[in-house]
Amino acid sequence: MKFIVKLYPEIMMKSKPVRMRFTKMLETNIRNVLKKVDEDAKVQRQWDRIMVMVPKHKPELAQAFGERLACIPGIAHVVQVDEYSFESVDDIYQQALPVYRDQIAGKTFCVRVKRTGDHDFNSIDVERYVGGGLNQFTDAIGVRLKNPDVTVNLEIDRDKLYMVTKRIEGLGGFPMATQEDVLSLISGGFDSGVSSYQFIKKGARTHYCFFNLGGAQHEIGVKQVAYHLWKTYGESHKVKFVSVPFEPVVAEILEKIDNGQMGVVLKRMMMRTAARIAERLGIQALVTGESLGQVSSQTLTNLNVIDRCTELLILRPLIAMDKQDIINESRRIGTEDFAKSMPEYCGVISQKPTVKAVLAKVEAEEKKFSEDLIDQIVAQAVTIDIREIAEQMDTRITETETVIAIETNEVVIDIRAPEEEEHKPLNIEGVEVKRIPFFKLATQFADLDKQKTYLLYCERGVMSKLQALYLIEQGYTNVKVYRP
């Protein structure tokens, strides 16, 4: 069993050297991701596609491989195929007949062939021969070239025949690390999660900068979002997570800055700080989730004033998107429930915020800040490899909160994503196991029986620790981590 990875069309349009570089990078990215699923994964690059071989002795890995490939940037689509050898067009038909006989019974169908190599026949010859045979010797209703019930997809590569058993749509975009790095300002809400995803999809290693206004609980929630985005869509490369203690800045704004200018000044201070951090990391652009007119600080005038605080490029991929479209996209990429449960920390709320800030007036207000405020904030910022989030959680969860045995009145909650749970169900004899995906746990935990203790389970223990810590920070004491 194999997967044939089709490159995103924009990659195919590149010049030969660029196309080769992109394809080689995509091959490396796929290998990095799939090796974490199974060390026996084999990946082979060709000119216009990449072949992924499922180990013959581990056919059960096909589903896991397919799910990972669907989330790797740079892929148009993936087809799962079975491989056969052939010597003639009749060989192709004879091997297709038992595979598709039952699938097309009582249905209309057509045959589509893609061919590579030198043969004494063309693709249309194969389509006619195989289609005619299937039409004559099966219980199919007949051939329909437009909108058939079943499409028989065959790929011929020299002396190999591939019968397509499944098609998986990819993310599109460019392979990770083919573009330069960006630093995304992430708050855990709908907008910043989607804007971060947009640049991951575009092939930019996306690092995260979080301005902490709400203490440990807020930071834990945002780390969950960042970790989910990285783990799902960008796992092939290491990225940084930077946490900036921003309460001192908010305190000075509330104490010293004119009420109407607070929102714009806050954003300018964030951009200044993020720019300093980006330069320290060798990053040339910031990414924000701002959308035109969504709030008072996001008018064109105010965005222009905000941009004047730094020479660093500020990118806003959501600038023309409607809020509902952003929410819909967050649902699709798996960050919606995180955003719904994220506490709102509006550290600076202006009663009459300006929508037409004047640069000179804003700069005059900013002179009221302590001279070394930004220096202090940048010095106190904590930068970690996003993979260290798991280790960080280990130091914050005590031994009594991590268990390997289950006692009476304890319920296990399997928080894995639905596709993971279906692939490898968790069944424990004599123990109640609830299935609540990690991205819904924060909103559903309050509805559970408070008299019981809940043990959170996931495959590697990372997300279960994050979720447990988040719930503990919210005041729940009946939650532990289950690590059998």
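The backbone N, Cα and C atoms fix where each Cβ goes, and this holds for glycine too.
Taken from Swiss-Prot, the feature domain 'THUMP' applies to 63-167.
Neighbour list (Gln298 (ATP binding site), Cβ cut-off 8 Å, at least 6 residues apart, same chain): Glu290, Ser291, Leu292. Per Swiss-Prot, ATP binding site is recorded for Leu185, Ile186, Lys267, Gly289, Gln298, and the stated evidence type is sequence analysis.
Positions annotated as disulfide bond by Swiss-Prot, on the basis of sequence analysis: Cys346-Cys458. Reduced to three states, the DSSP call for Cys458 (disulfide bond) is coil.
Residues or ranges marked as domain 'Rhodanese' by Swiss-Prot on the basis of sequence analysis: 406-484.
Per Swiss-Prot, the feature active site, cysteine persulfide intermediate maps to Cys458. Contacts of Cys458 (disulfide bond) defined by a Cβ separation under 8 A and a same-chain sequence distance of 6+ are given as Asp414, Ile415, Arg416, Phe438, Ser464, in order along the sequence.
The secondary structure of Leu185 (ATP binding site), as reduced to three states from DSSP, is extended strand. Residue counts of the domain 'THUMP' (63-167) by helix, strand and coil are 38 helix, 38 strand, 29 coil (DSSP-based). The average pLDDT the prediction assigns to the domain 'Rhodanese' (406-484) is 85. Around the Cβ of Gly289 (ATP binding site), the same chain contributes Leu185, Ser187, Gly189, Phe190, Asp191, Ser192, Gly193, Val194, Ser195, Ser196, Arg316, Leu318, Ile326, each under 8 angstroms and 6 or more positions distant in sequence.
In terms of DSSP secondary structure, the domain 'Rhodanese' (406-484) contains 28 helix, 17 strand, 34 coil.
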